[in-house]
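Peer 1: I grabbed these lines from TrEMBL:
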- Lys197: active site, schiff-base intermediate with substrate (ACT_SITE)
- Lys250: active site, schiff-base intermediate with substrate (ACT_SITE)
- Cys122, Cys124, Cys132: Zn(2+) binding site (BINDING)
- Arg207, Arg219: 5-aminolevulinate 1 binding site (BINDING)
- Glu235: Mg(2+) binding site (BINDING)
- Ser276, Tyr315: 5-aminolevulinate 2 binding site (BINDING)
Amino acid sequence: MQINTNFKRHRRLRSSQSMRSMVRENHLRVEDFIYPMFVVEGENIKNEVPSMPNVYQVSLDLLVEEVKEVHNLGIKSIILFGVPNSKDDVGSGAYHNHGIVQEATRVIKEHYPDILIVADTCLCEYTSHGHCGVIQNQDVDNDESLKLLAKTAVSQVEAGADIIAPSNMMDGFVRVIRDGLDEAGYTHIPIMSYAVKYASAFYGPFRDAADSTPQFGDRKTYQMDPANRLEALREAESDVEEGADFLIVKPAMSYLDVVRDVRNNFNLPIVAYNVSGEYSMVKAAAMNGWINEKELVLEKLTSMKRAGADLIISYFAKDVAKWLQE
Ligand code: PBG
């Protein structure tokens, strides 16, 4: 049969490994990654999170050993989450000078001053009710919560945090935290804002890891509706106006359209948060032998870069660092 060969030969650029790597458009680098760690009060604790294989809650005395591994792999940045022993209505553990994240920051900075510490600024791990702010009339009170969040950020920086990452989704959080930091003399500390954060079922395993499940209701009055796209641009716009230095989109995997929208509309560094549920799903499938973990993880993280993310917060950071060295 005669066929019409008047068509483009796209396969020319896929003909060999060398050819493919020559024309590859997006790459993962170890510098792209921020590794999340859970620090717990107590001694000699290294508890694996049941829903997150190979992710641990670690006590301060064992933390340096863990960070050493991260550092040796070339990872330059860690985001810290605290798991305190006791909680109260107003989340005092979040802004206590000797709170768990503050102490963890001091320990890490003492041993690894070049590691960038990102402090997640939220109250949910510290409140008895598990919400991200203080409760009044059965709902989270926006403006009262802001005062405590600014106080939390200042105490985190006092302890040595390099970047403040507010994840609470109160309106005005960037402005109030920026003012709080500036007044305390920390004008040089950047804010990595969780600008676009959806009320997502993908956070389930994190709430096991951080023990932060809300005791009543849900987070839908402050986190975003997963059905919305334009709202993401409104949220990001406010944070840019209020002084954010980075914009986080969270979760990542099911929200790559939003990562792209934010990339196209703003010129700040964009961070994709590859959240706990995204991690656990892959781990579960891999443990069953249903997928090739390495290939799948590299593919999915590369797709975040392709969508426009500059940086990725991921529980896979250590794995990726190892794979990139192979
Ligand atoms: C705190 C916070 C959460 C996550 C990061 N910071 C939980 C939540 O909002 O419920 C989720 C991270 C993950 O799932 O990996 N507000």
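Even glycines carry a Cβ here, placed using N, Cα and C.
What TrEMBL says about a protein is an automatic prediction, not a curated fact.
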Peer 1: Going by DSSP, is the residue listed as 'Mg(2+) binding site' part of a helix, a strand, or coil?
Peer 2: helix
Peer 1: Near Arg207 (5-aminolevulinate 1 binding site), how many other Cβ atoms are within 10 Å of its Cβ?
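Peer 2: Around Arg207 (5-aminolevulinate 1 binding site), other Cβ atoms within 10 Å: 16.
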Peer 1: Listed recorded positions are Cys124, Arg207, Arg219, Glu235, Lys250; which of them have CA atoms within 10 A of the CA of Lys197 (active site, schiff-base intermediate with substrate)?
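Peer 2: Correct set: Glu235, Lys250.
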Peer 1: Could you tell me the C-alpha distance between Arg207 (5-aminolevulinate 1 binding site) and Ser276 (5-aminolevulinate 2 binding site) in angstrom, no decimals?
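Peer 2: Arg207 (5-aminolevulinate 1 binding site) and Ser276 (5-aminolevulinate 2 binding site) have their Cα atoms 9 Å apart.
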Peer 1: Of Cys122, Cys124, Glu235, the binding-site residues listed, which put a C-beta under 6 Å from ligand 1? Please answer none if none do.
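Peer 2: Correct list: Cys122, Cys124.
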Peer 1: Using all protein chains shown, find which of the binding-site residues Cys122, Arg219 scores highest when you count other CB atoms within 10 A of its CB.
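Peer 2: Ranked by Cβ atoms within 10 Å, first place goes to Cys122.
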Peer 1: Considering only the recorded positions Glu235, Lys250, Ser276, Tyr315, which fall within 10 Å of Cys132 (Zn(2+) binding site) when distances are taken between Cα atoms?
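Peer 2: Neighbours among recorded positions: none.
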Peer 1: How long is the line from the C-alpha of Cys124 (Zn(2+) binding site) to the C-alpha of Arg219 (5-aminolevulinate 1 binding site), rounded to the nearest angstrom?
Peer 2: 10
Peer 1: When you measure from the Cβ of Lys250 (active site, schiff-base intermediate with substrate), how many other Cβ atoms are you left with inside 10 Å?
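Peer 2: Looking across every protein chain shown, the total is 24.
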Peer 1: How far is it from Arg219 (5-aminolevulinate 1 binding site) to Ser276 (5-aminolevulinate 2 binding site), counting Cα to Cα, in Å?
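Peer 2: One finds 17 Å between the Cα atoms of these residues.
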Peer 1: So, three-state DSSP: helix, strand or coil for Lys197 (active site, schiff-base intermediate with substrate)?
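Peer 2: Note: Lys197 (active site, schiff-base intermediate with substrate) is in a strand by DSSP.
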